[in-house]
Structures are given as structure tokens and as C-alpha cells.
Amino acid sequence: MISKNTSFCGFLILVLATCMSAQFVSNESIKLHDILKPSATHRLFDTLQYSVEEQYSDSHLSFDVSTIYNYSEKPISIGKLNKKYRDILFEGDMAISYKQLSMIVNGSTEYRKAIKSRRRGNKINGESTDRTKRQAYLDNNYPATIWKNGVAFMFHESLTPIAKTAILKAVHFWYRETCIEFHPRTFQKEYLLFIGNDDGCWSTVGRDASQGKQVVSIGNGCEHFGVTSHELAHALGIFHEQSRFDRDESVVFNPRVVERDLLFNFAKISPRQMSTYGLPYDIGSVMHYTPTEFSNIPSIPTLAAIDTNLQQTMGQLEGPSFVDVHIMNQHYQCQEKCPTQAPCQNGGFTNSRNCKVCKCPTGFGGAYCQLIASSFSPFCGGYLNAEETTRRFDITIRQSTTTRSKTCVYHIKAPEGKRIIIDILKIDSKCIEGCWQDGLELKMKKDFRPVGYRFCCPESSRRKVISEGNMVPFMVFSKEHDFSVSFEYSFVSTSAGFDDEKNDSDVIVDNLDGVFVSDTSLLQRIGFRRQL
């Protein structure tokens, strides 16, 4: 068992030492076709295909042309890495057992009928189906499908050192962010076996005592924390975000750009197998499809965000979001380990490994999420006050020959009863799906828990967004490349629309720690003032 104070380096040393024991390394040859038989699953996939066709039979191709981006590199995704196994994997990367898939198919069919009944004003089991929105990520066998006694795991000898490190980072992340215990396998009959001898990145979903050994594949191209944390989340019991039964409230599905025999991958999971714990749909979840997943026209998305400002947020491979972490904590009943709950603010929740403090949404810090999160440098980040007159903000984060993650966190505040308008003037960055390497994230909603509007593509220039409330946390981040953004901001009354008036403030520059910031009030606050 891992000490709660164990750092990743200490954890790595502990596991590597355990790896020297023979029982921790497997040389058994295992491939996906040894686990699943296409002949058994194809009939069920066909049923789901018909279900999707029926549900979206009247749909028209729907997407905003402004969401077609000129990506700097060919988009990658777990689904694309698993193209070889499209005929056997569910939703691109889940090795679902016949029994589990049968339950999903039956639940999906019954739920579709229930929705039709609801439209006629009927009730389901004596209750309105509207209640399903308040349910959680679990199936009929819960809690038998979670690893209540901890997760034993072992490596296959085929795993590369890079793959092992990426897996251990994911294990350590889910240990640190939840109450789940992990330990290298000794003689446990139920355990996770990570393999690297097969193609692709795929996993089973949840604990299945009937399988005993459950396989997680981290093949060539999958050796990235965003991928390993995603696959391990499946093994711990989490489905894809876009499988939620309430997804149509957040994204539009375009079936006309998906090959007919792949439509089953867009079936929604019913409340019998999936629950949401009342948490919001998170387009920025690491468990969400990329916009163009399974599209036969690469430039046209299969999934389009209803709020088009969230389109670039979809498909990130950075790692689990705050909502992903919150769902996992709820799924494993972690907060029950604390006799009292911490007074968390801004959407935070009690940290089960230290019940006196909170886990905080991105952009917030402090014991109770009452403060702004810290930035990578003392020369960036802080509070900005919005005024009726327009102010301008410019920032450039540069990477040296040795790249490292750099994030500057700001909160824009306006008086009570006002809203904040941000006019993005220019973005200079590498444009990729999900904007997870370098970009700007604006949290314009009152609910700070989901990932906000992310922008990293030059096409986002001249875009205006308006907040729901009087505070906007925003993050400017660079992980691999230089990033630069310029925008103007001001406040308006809650009933006002966009205002195009411009009134530039003095331009000030701070070039310490590779950060260049322009904002009069900010630089006066940190006591660094130099006329450009």
C-alpha cells in the first residue's frame, strides 16, 4: 500500500523495486481477440446501430463553420490509434464483455422507450423520467463493480520503459486524487494486467470478478499520461463522457458523417448502467471523444458543441479534468471517509486524504477553494478589475530549449450584477484539438467546475464572449510552445448585449521568467512598471 505522503518519484522507486519480484511481471501472450469474440458482439453492435439510427433519423448535418479549424498537426485520438480494432471495441477503446454489453443494449433500448413514453406525458416506475439527471455513474451490480479492497496491478514484459512510466503516472494520479488504493500484485486473483504486446490503447470497464485478470493495453503510440489516465479510468469503472444519457443538451451528433456500421459507437448509456451524480456535462473531460471521432470527412465534426465557444475544449489529452476527478471520488464514495465535510467554495469538494481541505476546480486554490490558484511565476497571475471602459490585456509565455509547464492564473472581477465581456483580438499558438498543449481557458459560466472555453487557434481571433456572472477565472498556459494572446475586457449590465466600443489602456510590459504581460492595473499591483 502507498503512503498518502508518497511523491511520484518515491512511488516510482517503490514500484520499480517491487518489479524485481517475478510474480509482478507476466510473459503470457495476450491479445484482444483472446478476450473478445467479434461474432458474439456484432449482433449487439447491430442492435445499438439500429437504436442510434432510429433516434437520429430526422437529424440534419449541423455544425458551425467557424468550428472548422486549420490544425497545426493531424489530430490524434485514442479511437484513431485503435482503428485496427474498430469492429470489436465498444466506443473505440472499451473491451466490453458480452454480459456487460448485453446489459448496455437492453438498458439503452428500454431507456429509449421510456423517453418516448415521457414525451407522451407518462411516468416510469411511478416517477417522471426527469429524475434521471440526478443519478450517478453506476450499473445494477454497483458497488460490486468498484475495487473496494484496492487495485492490484502488474506489468507484461512487453511494456516499454516509457509505457511503464506513463502507466505509473496514471496510477499515482488516481491514487493521489481519490481514496482508491493501488498496490503491485503479489498473489491476488483479481488484478489489472497492463500489456504492450498488442496494438492500441484499450481497457475493460470496472471491476469484473468473473474475469479475475483484467487487461489494459498500452500499445505503441499510447504511452502518454492523457491516454493511460483515460484507460485506467475505464478500468476503475468510468464510461465516456459523450455516452451520457443527457449529452444532447450539450453536443449535437452528426450521424451523416459516420459510416453506418460504426454508429453503435454513439449510443447513449442508460441510467441503469451510467450515473452522473448531478455533476455537469464536461466537454473538456479526458473521457470525451475528439470532435472528429469516427468522422469520414476529417474536417467535419461528428460532435459539435451547442455552445460553439466550447468546440476547441473538446478532445483534450492532457489528463483528467476536475469533473473527472469529482466523479471518480463520488463513484468510490470517498467523501464518506471524512467524518465532516470541509466548507468548500466555488464547486470544490472535500479531499478524502486530508479531510480538512478541499479539491478545487481549476483556477482556484486555498484550503477551501476561496483563493486564486497559484501561477508558475510570481510575475504573472492575479486579480484584474473590469471597468465600464475597455481595458486591454496581452500576454506571451515563451518556452526555452528546456520546455516545462507554465500556467498563469487570473480572475477578472466586476461589480455585483454586472457581466464581463471579453473580445479576443489575437491568438498566436499551435492549433490542436482540445487545446491542451498551449492555450487560453476562460471560465465564463457561473459553474466553475467544468473545463471552460479553450482557445488556441488563430481562427478564434475577433471572437467575443460574455460571462454569466461577475467573475471570470482564466488560465494562460504553455506546455510545449510559445503562446501569445491579446484581448479586451469590460463589464456591462446583466441585460446588455455586446459593446464594440474600444478604449485602450496604457501598454506595460513585464518580461521576467519568460512572461510578457500588458495590463496597467496588474503591473501596478506587482510594482513593476516600464513604458513600452
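Placed from the backbone N, Cα and C atoms, the Cβ positions cover glycine too.
Taken from Swiss-Prot, the feature N-linked glycosylation site covers Asn5 (among others).
Residues or ranges marked as N-linked glycosylation site in Swiss-Prot (evidence: sequence analysis): Asn27 (among others). Note on Asn27 (N-linked glycosylation site): other Cβ atoms within 10 Å of its Cβ, all shown chains, come to 9.
Secondary structure at Asn70 (N-linked glycosylation site), as computed by DSSP, is coil. Residues near Asn70 (N-linked glycosylation site) in space but far in sequence (CB under 8 A, at least 6 apart, same chain), listed by position: Cys431, Cys457, Pro458, Glu459. Annotation source Swiss-Prot lists N-linked glycosylation site at Asn70 (among others), citing sequence analysis.
Summarising the annotation, Swiss-Prot assigns N-linked glycosylation site to Asn106 (among others) and lists sequence analysis as the type of evidence. When other Cβ atoms within 10 Å of the Cβ of Asn106 (N-linked glycosylation site) are tallied across all protein chains shown, the result is 15.
The annotation domain 'Peptidase M12A' is assigned in Swiss-Prot to 135-335.
Sequence-distant contacts (6 or more apart, same chain, Cβ under 8 Å) of His230 (Zn(2+) binding site) comprise Ile78, Asp93, Cys201, Val286, Met287, Leu317, Pro320. Sequence annotations record features per position, and here Swiss-Prot assigns Zn(2+) binding site to His230, His234, His240 based on sequence analysis.
In this structure, Glu231 (active site) is part of a helix by DSSP. Counting only residues at least six positions away in the same chain, the Cβ atoms of Ile78, Asp93, Ala170, Cys201, Trp202, Ser203, Val216, Ser217, Ile218, Cys222 sit under 8 Å from the Cβ of Glu231 (active site). Look at Swiss-Prot and you will find Glu231 tagged as active site.
The domain 'EGF-like' annotation in Swiss-Prot covers 330-370. Computed over the domain 'EGF-like' (330-370), the whole-number mean pLDDT of the model equals 98.
Counting residues of the domain 'CUB' (380-494) by DSSP class, helix then strand then coil, yields 3 helix, 61 strand, 51 coil. Here Swiss-Prot flags 380-494 as domain 'CUB', drawing on sequence analysis.
The annotation N-linked glycosylation site is assigned in Swiss-Prot to Asn503 (among others) on the grounds of sequence analysis.
The Cα of Asn106 (N-linked glycosylation site) lies closest to that of His240, out of the recorded positions Asn27, His234, His240. Counting only residues at least six positions away in the same chain, the Cβ atoms of Asp93, Met94, Ser203, Thr204, Val205, Val216 sit under 8 Å from the Cβ of His234 (Zn(2+) binding site). Other residues of the same chain near the Zn(2+) site, with their Cβ within 8 Å of the Cβ centroid of His230, His234, His240, are Ile78, Glu91, Asp93, Met94, Ser203, Glu231, Ala233, Ile238, Phe239, Val286, Met287.
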